[in-house]
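Colleague: Pasting the feature list from TrEMBL:
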| type | residues | note |
| --- | --- | --- |
| REPEAT | 140-173 | repeat 'TPR' |
| REPEAT | 180-213 | repeat 'TPR' |
| REPEAT | 220-253 | repeat 'TPR' |
| REPEAT | 260-293 | repeat 'TPR' |
| REPEAT | 300-333 | repeat 'TPR' |
| REPEAT | 340-373 | repeat 'TPR' |
| TRANSMEM | 12-34 | transmembrane segment |
Amino acid sequence: MSLSFLPEVSSGTFMQIMPLIAAIGVVVGLVALYSNYRKSKKVDDTKQGTHVSQTNTGASNIDLTNCTININKTPVEKFGEAETLAEVKKCLETHVPEIVGTISKGVEVTLDKYELSLVDAVKEKVEQYKKTKNELLKDSGILTTLGNEAYYLGQMDNALEYFKEALEIDEELKDKRGKATDLNNIGIVYQNWGKPEKALEYYKEALEIDEELKDKRGKATRLNNIGSLYYDWGKPEKALEYFKEALEINEELKDKRGKATCLNNIGLVYQNWGKPEKALEYFKEALEIAEELKDKQGKATRLNNIGLVYQNWGKPEKALEYYKEALEINEELKDKRGKATCLNNIGLVYQNWGKPEKALEYFKESLAIFEELMDVRSAETVKENIRSITRQKHQ
């Protein structure tokens, strides 16, 4: 079985941390930058979905758009050997004195392309923290960011915990837009766990809020994610209905990234229906948009899906060309889920070419990654591919 790609997260921008002074400086700078970013642009913490697209089994590469697993797929630059955002939380909980000491020296840190004075940008936040323990962590945006990081590390239990904490805060603050984002992200976790009924419950509640707020962008995100759920559920007609409605909204909003996600997903439905020419038409249009936007994650998704079309079309050399290009991008992005998907699909090409040992090599590498990510559904797909080789050997 071919595997899908992981969910894209379309509308968010994730901060890259440039290692400079000390871990504490990085921690404070991250919080300051994120808080400023939240004020300037209320993030629907997704991505596009890969966009956020769980790894889907079968011949699929669904994009869970604006999966608010809102990270534009750029991995966080680590300090030294690297601190995950979960470690950032721990640091915030235990190192207030060091943070205050850093501020007193007026140290500056560089984050992304911004230079922020710790004295000016962070002092107010730290004073709040000193008054109320964990005050910094009572920002639902920070919790969502922690949840996003946990999700992409395959730590689904932790991701769900962070998303639910964010939901509690947004409900307390009566922040409906934030609540819709939180519900969406919780739905993505349940979809990843293979619990479609539970995921649908959260997606639909988020959709109701979007409609109440007349939030077209949020509505397009939910419609796409509900479509991806029906696709996973083996209901392509229903999926297509939602994808097309989401596409119309994204075209109306002139949201190219969202449009590309929907085009990709519609292409998957046609691929599933055995209409490769139609599928290729949608995938190539989505690929053009990804290249125009310099969206590497989106490009990798489209390349992988085009490879699937050629593979099912009986053109393995062409398929391998696209898979390997997608693999290179995923390795560059340190995207484990995307890498595992491509490895599995490359293995299938070699298996069909009558090179079982070469195929097994790719399948085993793919399986190890999916098991590390605790992606049960995708791991089972790869295991079935390995079992098929074993059966062939005994025939």
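Using N, Cα and C of the backbone, Cβ positions are placed for all residues, glycine too.
No curator has checked TrEMBL annotations; they are predicted automatically.
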Colleague: Averaged over the whole of the repeat 'TPR' (300-333), what is the pLDDT?
Modeller: 96
Colleague: For the repeat 'TPR' (140-173), what does DSSP give as the number of helix, strand and coil residues?
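Modeller: Split into helix, strand and coil, the repeat 'TPR' (140-173) gives 30 helix, 0 strand, 4 coil.
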